[in-house]
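Now, the feature entries from TrEMBL:
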type	residues	note
DOMAIN	19-473	domain 'Amino acid permease/ SLC12A'
TRANSMEM	25-51	transmembrane segment
TRANSMEM	72-93	transmembrane segment
TRANSMEM	140-159	transmembrane segment
TRANSMEM	166-187	transmembrane segment
TRANSMEM	227-249	transmembrane segment
TRANSMEM	261-284	transmembrane segment
TRANSMEM	304-324	transmembrane segment
TRANSMEM	359-377	transmembrane segment
TRANSMEM	383-405	transmembrane segment
TRANSMEM	426-455	transmembrane segment
DOMAIN	515-636	domain 'SLC12A transporter C-terminal'
DOMAIN	647-849	domain 'SLC12A transporter C-terminal'
Amino acid sequence: MLAEYLGNHLLYPFYLVRIVGMAGVWQSLVLVSFCGACTFLTGISLSAIATNGAMKGGGPYYLIGRALGPEVGVSIGLCFFLGNAVAGSMYVLGAVETFLDAVPSAGLFQKSVTVVNNTLVNGTETAGTSTISTPSLHDLQVYGVIVTILLCFIVFGGVKIINKVAPAFLIPVLFSLLCIYLGVFIAPRHNAPKGITGLRITTFKDNWGSEYQRTNNAGVPDPSGSIYWDFNALVGLFFPAVTGIMAGSNRSASLKDTQRSIPVGTLSATLTTTAMYLFSVLLFGALATREELLTDRLLTATVAWPAPAVIYIGIILSTLGAALQSLTGAPRLLAAIANDDILPVLNYFKVSEGSEPHAATLFTAFICICCVVIGNLDLITPTITMFFLLCYAGVNLSCFLLDLLDAPSWRPRWKFHHWSLSLIGALLCVVIMFLISWSFTVVSLALASLIYYYVSIKGKAGDWGDGFKSAYFQLALRSLRSLGANQVHPKNWYPIPLIFCRPWGKLPENVPCHPKLADFANCMKKKGRGMSIFVSIIDGDYHELAEDAKTACRQLDAYIDYKRCEGVAEIIVAPTMSDGFRSIVQTMGLGNLKPNIVVMRYPEIWRRENLTQIPSTFVSIINDCIIANKAVVIVKGLDEWPNEYQRQYGTIDLYWIVRDGGLMLLLSQLLLTKESFESCKIQVFCISEEDTDAEELKADVKKFLYDLRMQAEVIVVTMKSWESHMESSSTVAQRDDSHEAYTSAQERIKTYLDEMKETAQRDRHPLMENGRQVVVNEQKVDKFLYTMLKLNSTILRYSRMAAVVLVSLPPPPLNHPSYFYMEYMDLLVENVPRMLIVRGYTRDVVTFFT
């Protein structure tokens, strides 16, 4: 860990000399402090997350993935893998370039002499030329590929060999650093270039300001060069010097005590090297003239004591060691991502525990060789910077989210952290990314976003208890508390339907909910906003059927996802359906997030299947909803309800009979927002008695709808009242489609009532049904039948071809048998193919006001 980290920092005094020459002393100090602050704050965040529990292999990917979820973890982890792979090529090229600078005769290509025009020296333009030998691009490519292949053979030897070799690089690194600083303090020595003045205050003043200029691809000043250096470009050049902070976390699985080693090692290394860089800027600024800083590619070797060869050897060994560590860490990071089994496409890189990731190593070597072929460090370093900064931002955001939420499981041993520090660290990472190159930033963010999108579609779910889920939970709690239990204003009212899944119909065992019921639930949401609660009741004893209920709940939840319904599943075990629903309607939901509409299928099968328990259960559910002030929507003709691909034409007809708070109007508007019904028009039918002023009623309703911003055709239908009918005739006069159903209902009711009376006389007790006394007023029964008959006749006359009919739900008459109510309802829905029977609130769900 320490060898790799210091390997970075022995290579970078080589670049720091050029940075001081370009940016001057004061801007170099700002640059180093800026980059050092970014990595130090990231180190604090890394320490907090790493000490919050056991840490497995995968390094920062493991930390980010467990904090922000598998999608974010994999996207940033793969980018960090690419950064490590590309960093290996940077170290290889650094070692090769240093070797060719030290031994120019080793170059295979001799066209390595560059003529430099010395301009802008000490702020004035000076004419003159000099000849400087630089390594050839082709030499860098050839030697770089050979070195990369040799390092790969070492990596294939296993991590034990690498761990034994890595400490051997530490002694040359420390000795080389000592030689550099000794040489700086005793400079200038004999035969030193004229530009090396030694530590002089005048030289320091001359180098205080910046002199940015152009260079060629080899980094040599050239007015016609293709690269222009400014502060932003130098940030991109320097930042890889501080990217070794993940050296410990990358090998988290190999550390004996991660909760101690990572914080102490990372933060001490960060502080030490940052201080060393700041001190080096001051020394280099006072050591040599600006011309010398810009033209001497290895000034640190030139001034080193006792000879430049020490520095050459130190740089070569340290960079090769760093490259070896990169080629070791990157494959293990890729293998860790593959082993989490999130992306099936990475299965080829999986390894068993204790095995070497050979496939991942070959892939890493391929990437490294491709970057070596580019052969230009100045082009490679911004790429590395972006990927590393993306990872650092992810670490900071992870700590910020976890610290801000402060969940009970967030108990890091590292106490010197705060969410504000993590936020500042993340912002610094983003700022540095855009400072270096907005185009590279956009490309890296786009790459991470594409990976995120791919993982969210193709990846497997990983239940890691990430911070986003905790954030959603906290947000939900705060929102729930802010909503309170006060009445919701109509402007803020959303339907929260309680979907009764299986009553009144037979379904295959593997289908927990009628598919068209799920389609209808989606019709009650505007642009997907809202939540549905899907409920099913299992009859029996809870102690015996608890596990069956859990299994059924999982099946129902999976079916909801399959039908793309935003909602939750609940399974209740109760002795009877009535008892179960009564428990649901009292306890389901929290505060203002309780379900406000009960949706169920009309029990069309009750007579066909001779299910005698349905009437009492149906009436009980409706009465419970009335008492609990829940709206009710009963869907008749559910099998014919259109899905999202079946476009409907015609009208949506509303038979608005009683005040319902505007729920029927709102449902019709919600239906129009769906593709199935968007081609339909709304018709509102107002039922009035014969002596009512129809035109005045029509005008009032039109004005009401206009104020509600609803477009609909208003039709007033007059109907003879029961009293008027009794005065004019004792029988039903009309002979339409409803009359036969009417007479049949009368006969069945009379037969049922006779049977009840016989039973009561035989048992010598009042008329009873399901253990409760009933009172039958035959005149009221005829009145209900007549009203349902007239309403059904009106619907068939005006709305036979309607796409869907909405009608008010009559409440069950008090003390009437449940069987009678089912007869009333059957008469109402007779011959109507598709109908919504709606009972609203005692409060409004629509409003005139904005």
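Backbone N, Cα and C define each Cβ position, glycine as well.
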>> Let me spell it out: take the transmembrane segment (426-455), skip the flanking residues so only those 6+ beyond its ends count, and list any with a Cβ under 8 Å from a Cβ in it.
In response: 34-35, 37-38, 41-42, 70-72, 74-76, 78-79, 231-233, 235-236, 239, 342-343, 382-383, 385-387, 389-390, 392-393, 396-397, 400
> For the transmembrane segment (166-187), which stretch among 72-93, 261-284, 304-324, 359-377 has the most Cβ pairs under 8 A?
Replying inline: 304-324
> Taking the transmembrane segment (304-324) as reference, which of 25-51, 140-159, 359-377, 383-405 has the most Cβ pairs under 8 angstroms?
Replying inline: 140-159
>> With a cut-off of 8 Å between Cβ atoms, can you find at least three pairs linking the transmembrane segment (227-249) to the transmembrane segment (383-405)? Only pairs 6 or more residues apart in sequence count.
In response: yes
>> Using Cβ atoms and a strict cutoff of less than 8 Å, what residues sit near the transmembrane segment (359-377) while being 6 or more residues removed from its termini?
In response: 81-82, 84-86, 88-90, 92-94, 97, 137-138, 140-141, 144-145, 148-149, 152, 155-156, 217, 326-327, 330-332, 334-335, 338, 348-349, 351, 383
>> Tell me whether the transmembrane segment (383-405) sits in contact with the transmembrane segment (72-93), defined here as at least 3 Cβ pairs under 8 Å among residues 6 or more apart in sequence.
In response: yes
>> Ranking 72-93, 140-159, 261-284 by the number of C-beta pairs under 8 Å to the transmembrane segment (25-51), which range is first?
In response: 261-284
> Over the domain 'SLC12A transporter C-terminal' (515-636), what is the model's average pLDDT?
Replying inline: 86
> Taking DSSP states H, G and I as helix and E and B as strand, how many residues of the domain 'SLC12A transporter C-terminal' (515-636) are helix, strand and coil?
Replying inline: 62 helix, 29 strand, 31 coil
